[in-house]
Amino acid sequence: MTSQSVAKKLNHCFSDQALFRTALTHRSFGTPNNERLEFLGDGVLDFVIAASLYHRFPDLPEGDLSRLRANLVRQETLHRLALELNIGAFLRLGEGELKSGGAQRPSILADALEALFGAIYLDAGFEASRAVIEKLFAPLLDDLKPGQFQKDAKTRLQEWLQGRKKALPRYHLLEATGAAHEQRFEIACEIESPALRTVGHGSSRRIAEQVAAEKALKELLA
């Protein structure tokens, strides 16, 4: 099996093989790497998913559409799709990153998938990238049930406290470890009344805050 199996699963044949190689090149390997392609692919992905949701759910308000999109483009979802494509087997990583398990790291795999979207956009244009993304995300889009979609934990916690005329929670960064693109965050969620403090961990501040908020909700509703 070669890296071309990834392109085949994406149903795209690269005219510019250098773009394909760069999309699979982590910054630890050297330059050029996939960081700029990941930036581009992130924007393409956001737009394609936003447009798909807009047309699929004509009656949903903006807030619900935003939450659905956030759920679809989050790191966990991209990581799962990258595993299905076996991207990790073909990543070009520096020796240290390779030894530390970088080929299985969720953030690296998610970034590489977005880089591939960016590479396809540059290689063949927007319609080609849109077709690849829509096909890859079709099962996830088909499974969406907006009527059952739940607001994120921070929003639900805020609404629970507001409904009881309580002060809003405060989120504090306790610790951030790791290199810039591989950081782990520890966030505390503190509630004044009823007195409660929970801690969440994640690969971004947003994820860590959501984890801490979810823990607080479980405590309050227990």
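Just so you know, glycine gets a Cβ as well, placed from its N, Cα and C.
The feature active site is assigned by Swiss-Prot to ASP42, GLU114, with sequence analysis given as support. Look at Swiss-Prot and you will find GLU38, ASP111, GLU114 tagged as Mg(2+) binding site, backed by sequence analysis. According to Swiss-Prot, the domain 'RNase III' annotation covers 3-125, on the basis of sequence analysis. Residues or ranges marked as domain 'DRBM' by Swiss-Prot: 152-222.
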*Spatial neighbours, same chain, of ASP42 (active site) - Cβ under 8 Å, 6+ residues apart*: VAL73, GLU114, PHE117, GLY118
_Sparsest Cβ surroundings (other CB atoms within 10 Å) among the binding-site residues GLU38, ASP111_ = GLU38
*Let me know the model's mean pLDDT on the domain 'RNase III' (3-125).*
91
